[in-house]
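Presented below is the structure to which this report refers.
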Amino acid sequence: MVKLAKAGKNQGDPKKMAPPPKEVEEDSEDEEMSEDEEDDSSGEEVVIPQKKGKKAAATSAKKVVVSPTKKVAVATPAKKAAVTPGKKAAATPAKKTVTPAKAVTTPGKKGATPGKALVATPGKKGAAIPAKGAKNGKNAKKEDSDEEEDDDSEEDEEDDEDEDEDEDEIEPAAMKAAAAAPASEDEDDEDDEDDEDDDDDEEDDSEEEAMETTPAKGKKAAKVVPVKAKNVAEDEDEEEDDEDEDDDDDEDDEDDDDEDDEEEEEEEEEEPVKEAPGKRKKEMAKQKAAPEAKKQKVEGTEPTTAFNLFVGNLNFNKSAPELKTGISDVFAKNDLAVVDVRIGMTRKFGYVDFESAEDLEKALELTGLKVFGNEIKLEKPKGKDSKKERDARTLLAKNLPYKVTQDELKEVFEDAAEIRLVSKDGKSKGIAYIEFKTEADAEKTFEEKQGTEIDGRSISLYYTGEKGQNQDYRGGKNSTWSGESKTLVLSNLSYSATEETLQEVFEKATFIKVPQNQNGKSKGYAFIEFASFEDAKEALNSCNKREIEGRAIRLELQGPRGSPNARSQPSKTLFVKGLSEDTTEETLKESFDGSVRARIVTDRETGSSKGFGFVDFNSEEDAKAAKEAMEDGEIDGNKVTLDWAKPKGEGGFGGRGGGRGGFGGRGGGRGGRGGFGGRGRGGFGGRGGFRGGRGGGGDHKPQGKKTKFE
């Protein structure tokens, strides 16, 4: 301590304070470095009661004192010189020696003697030591306020001690980060140093305890956050004036406490977040279990019969047994025997099972029935009929006039339950699906209405679904050909020929169909059906190439899907033949729903259409649907024939062999090697060769067009 006094005398002018702290630093390294920090905090109270006239000296003294605990980046060299020893004293071997020093300096908080008092003596010319006893005028008032601040600071220290105890559990790496953080507070305001130096005493003590104990590894390093928050607050406080020292110190302490409280609350809030995944799993399990309980929407299991009726608008205020009894009584009054009644879980709807289809049809005809004051709604269950059942009672009508309406079709098909016209972009495609109530009604209509004329056009009827695949032309879709077809396909027919003309030629024919264009004229072909395969074969042998109205007809037995050479493998592309020369690719594409591209094959020399083309689709399903809809349809007045196009790579001619080798160049020397075959044209021979090398083999990829070389 004597050396410290000498250093104070050698300082003289307050502005030249740099050298003495270095001496103090060197001496303190040999002694106990943490003792300086404790003396500094106690020496603050000696410097504060100075007069305003001596403010410069007091400030410089503070700079010397604060430097051991903080690495302040102010131009004063004394701070930088005194930082390292303070850190070493707090971090390494000084732990054990600092402990007794604490007992010495603790009462020195109000005694105001060592450390800082000795350093500040030259600035005050000896007035700093008895400053505590000389309470006069303004200085006395400041002393009183300082004592109050000490009380406040002691309360703050208690809060800080709680924080420091938490910091004891931080890992070594976190301890280093926490020690480096206050060292980075280079621009701390001098106003904060009064309270902070007092806090440093407690922090040093807590750090010493922390270094002697093993840190808890499980503790999170997130506790270092308060230091960063404090740095921000202290950087903002630097902009405050020196005259507001006391107020700023109090506010900083309060802010630090508030931040600590907020951080503790945040940590408490973080804990439930960790538990969230577990809770979510439980909730997810509950959510998954919930739908299973709701699957049973209708009381009872499966329908007892195949004849079911949906009953809606029930009085849900009644119980399920009451509703069952009420519904059964209503149908019993109308002479309808009910097999079973199933009520929905909401009791707003239900299903009634009948013994027969006749009872079901009678029930559907009933109107105005009331059950417990509610007029019930009766209809067939939606989705109950399978596609197979609907197809069995549905007919496909083709070659319809484009301007035909549903009302006009209803007049023709009186027994139809539903009529659906097929259109694209608001324009009719001349096709309609006609659904009947029963399969028997569909079969009856098929026999009676086949070939019926509507606005001058003879319509064609086809079954849909599996039933349509097992019938010949009269059913629209032809059966898988067995080799014994009863139908002949007649082509190259005169456009003026009629069904009556053909009936005279084919006397044994049971059905004759001559498709017509929009003008009511023949399209140049016909279908002739006989009672047996033998009759059809006899007509084929006797009438093939016979002239009818000036044209020699051609006959052939109808094969699968209307063509003897039909392709059996579906694909994404349809082959369309029988096109008009005026048909464009755009028209061809628009004629098929779902098509993505269409191309018409043209003659290379004339550029005119060859009468056939291809239509591409995104999937085989789209191609099948379009083929079904356009089977035996028309495009620009011409009857077209559809077939599956073979995928690229199937059949066809094999690729050419490799090109021949190039010729040798002029002049002497050796010729280069010939080109390799299979990839385009052959290569050139090298210059000066007698002859070119041989061409490649012919087992490579097909070669492109030949190219002649001069």
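A Cβ is built for glycine as well, from the same backbone N, Cα and C atoms used for every other residue.
Under the heading phosphoserine, Swiss-Prot lists Ser42 (among others), citing a large-scale study or a structure entry as support.
For 56-107 (among others), the entry in Swiss-Prot reads compositional bias 'Low complexity'.
Sequence annotations record features per position, and here Swiss-Prot assigns repeat '2' to 75-82.
Among the features that Swiss-Prot reports, repeat '3' is placed at 83-90.
Taken from Swiss-Prot, the feature N6-acetyllysine applies to Lys96 (among others), supported by similarity to another entry.
Annotation comment: Swiss-Prot describes Thr99 (among others) as phosphothreonine, evidence class a large-scale study or a structure entry.
Here Swiss-Prot flags 105-112 as repeat '6'.
The feature compositional bias 'Low complexity' is assigned by Swiss-Prot to 122-137 (among others).
The feature compositional bias 'Low complexity' is assigned by Swiss-Prot to 172-183 (among others).
The annotation phosphoserine is assigned in Swiss-Prot to Ser184 (among others).
If you look up Swiss-Prot, you'll see 273-300 (among others) marked as compositional bias 'Basic and acidic residues'.
Summarising the annotation, Swiss-Prot assigns SUMO1 cross-link to Lys297 (among others) and lists a large-scale study or a structure entry as the type of evidence.
What Swiss-Prot records for Thr301 (among others) is phosphothreonine.
Taken from Swiss-Prot, the feature SUMO1 cross-link covers Lys324 (among others). According to its DSSP assignment, Lys324 (SUMO1 cross-link) is helical.
The annotation phosphoserine is assigned in Swiss-Prot to Ser356 (among others) on the grounds of a large-scale study or a structure entry. In sequence order, Phe307 are the residues of the chain that are 6 or more apart from Ser356 (phosphoserine) and have a CB within less than 8 Å of its CB. In this structure, Ser356 (phosphoserine) belongs to neither helix nor strand by DSSP; it is coil.
Every protein chain considered, the tally of other Cβ atoms within 10 Å of the Cβ of Lys377 (N6-acetyllysine) stands at 12. The feature N6-acetyllysine is assigned by Swiss-Prot to Lys377 (among others).
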Quiz question: given the recorded positions Lys324, Lys427, Lys589, which has the greatest number of C-beta atoms lying within 10 angstroms of its own C-beta?
Lys324
If I take the Cα of Lys427 (N6-acetyllysine) as reference, which of the recorded positions Lys324, Lys377, Lys589 has the closest Cα?
Lys589
At the level of the C-alpha atoms, what whole-angstrom distance separates Lys377 (N6-acetyllysine) and Lys324 (SUMO1 cross-link)?
15
Cα-Cα, whole number of Å: Lys324 (SUMO1 cross-link) versus Lys589 (SUMO1 cross-link)?
56
Residue counts (helix, strand, coil, in that order) that DSSP gives for the domain 'RRM 3' (486-560):
19 helix, 26 strand, 30 coil
Under a three-state reduction of DSSP output, how is Lys427 (N6-acetyllysine) classified: helix, strand, or coil?
strand
